[in-house]
Amino acid sequence: MEYEAVADLAPDRRVALFERDAGVDAVRSDVAEILDRVESEGDVALRALASEFDDVEVGNLDVTDEMERAADAVPDDVYDAIEDAAANIRAFHEAQLPDDWRESFAAGRELGRRFRPVRRVGVYAPGGTAAYPSSVLMGVIPAVVAGVEQVAVATPPAETINPVTLAAAHAAGADRVYQVGGAQAIGAFAYGTETVDTVQTVVGPGNKWVTAAKAEVRGDVEIDFLAGPSELLVVADETAEPAFVAADLLAQAEHDPNASVVAVTDDEATAAAITDAVAARLDDRERADTIRAALDNEASGVFVARSMSEAVMFAEEYAAEHLSIQASDDEALLDRIDSAGSVFLGGYAPVAAGDYAAGTNHVLPTNGTARVTGGLSVDTFLRSTTVQRLDREGLAALRETVTTLADAEGLEGHAASVDARFEDE
C-alpha cells in the first residue's frame, strides 16, 4: 500500500473514490424474480429459497420462542456485553425523542407538531451461522424506543440459528424473529406471507441482494437507505498515532473485500508511517485475505494533501460512512465537514467503539449518500404531523391573504371556504 498525492489523482481515480455505488445492478433482475416468488407463493417460496440459497431445510420460519432460551444459553460474559451495549444504545436513542409542541403564533392562531411511531417495523440482521448481535441491537432498539408496536427481526436460516443473534433480539426487545435471509426476507416484510407479517418500514444492513431488494420494495414500504460495503475515512495530522490509524483501517477492511478504507493527511511523514504500520500488522490478521482485497479496492488508499484545507475538501467530497478525525484541532476540522454518517473524534474513539457499544448507531449511509441523509435513528420510525387551531379572530387575520392567493391560483372554492365563515357579517 503506497501513499498518493491528492493533487496528482487522475480523473478515473477520482471517480472511483468519489462516485462509489452499492454494486446492485448485476443482481436486480434476479432479485425481482425472488420478490415475485415471495409475493405470489408466500411461505412456500421462503422455504424453497432457503433450500436453494442457504442449503437449509426450514421447518418453522418463526423462531420467536427460541429467543429467551438463547438468552439463557449464551455465556454470561457475552450476554452481559450485549446488555451493556444495549443500555448505551438505548440511552443515546432515548435522548433523541422529540416532544410534541403547540405554540401561539398570533392571536387566535396556534400551530404545532406531534410525533407518532409507525406500527410495524422489520429489521434485517445479516448472518445465520455467524453472529451479528450488534446489528440486531442497532436496528431494534431505536424502533422500540420510538414506540413501535411490533418490531420483527429477520436473519438468514441455519440448522441452528446462532444463539447470540437470538439473545441480542431478546435483549433489544424484539417481538418476533424469523429465520429468513437475503432478498426474500425483504420481500416477506414488504408483502407478507402466511407466517411473516407485513411491516411499514424495513431497516438494516445487508449484502447487494438485500440492498437491491430494498430498492425494489421502496414505495410499498419505507426503508432506511440503500447501504453498500463499509467505509472509513481518517483525517490525520502530524500528531496522529500512525498505529491507531492503521488499526482502524485494518478493522474496517476486515468487513468485506469491497470495503473502502482511506486516510488523508497533510503530512507526508505521517502518510508513510501509516502505510508502514498497515503493512506490519496485515499478515497477523485472521482475515488477511479479505483485508488485503479491501486495501486494493479502488476507493481505498492513503493520501497526502497539500494542506489541511485540501484534506477537509477531500473528506467532504468523499462523504464517508465513518469519519475519524485524529488531529490536534479535531473540533475545528469537524466544523468544516458536513458530510459523514458518523464522526469519531480523537485517537481514543475507534470506529469499533461506535460499531458495538458507545451508543451511537452503526447503520449508516454509504456510497456518498451521507451528503443527503443521516444514519438510522429514532426519527426513522417516527411520523410528524402538523396541527393548527384557528378561532374566528385568527382566521379573520388571514382571510384576505388566503382568498387573494386562492383567487390567483384559480381555486375559487378555497376562497369560498374561508368567506363562508363570515357570511353573518
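Heads up, the Cβ atoms here are built off N, Cα and C, so glycines get one too.
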### Message
Suppose a student reads Swiss-Prot and sees Ser230, Gln252, His255, His322, Glu409, His414 listed for substrate. Which of Asp100, Asp175, Asp197, Asp355 should they find annotated at that same site?
### Response
Asp355
### Query
Counting only other Cβ atoms and using a 10 Å cut-off, which of the binding-site residues Asn207, Ser230, Gln252 scores lowest?
Asn207
### Query
What three-state secondary structure does DSSP assign to Asp355 (substrate binding site)?
helix
### Summary
In three-state DSSP terms, Gln184 (NAD(+) binding site) is classed as helix
### Task
Can you see whether DSSP assigns Asn207 (NAD(+) binding site) to helix, strand or coil?
coil
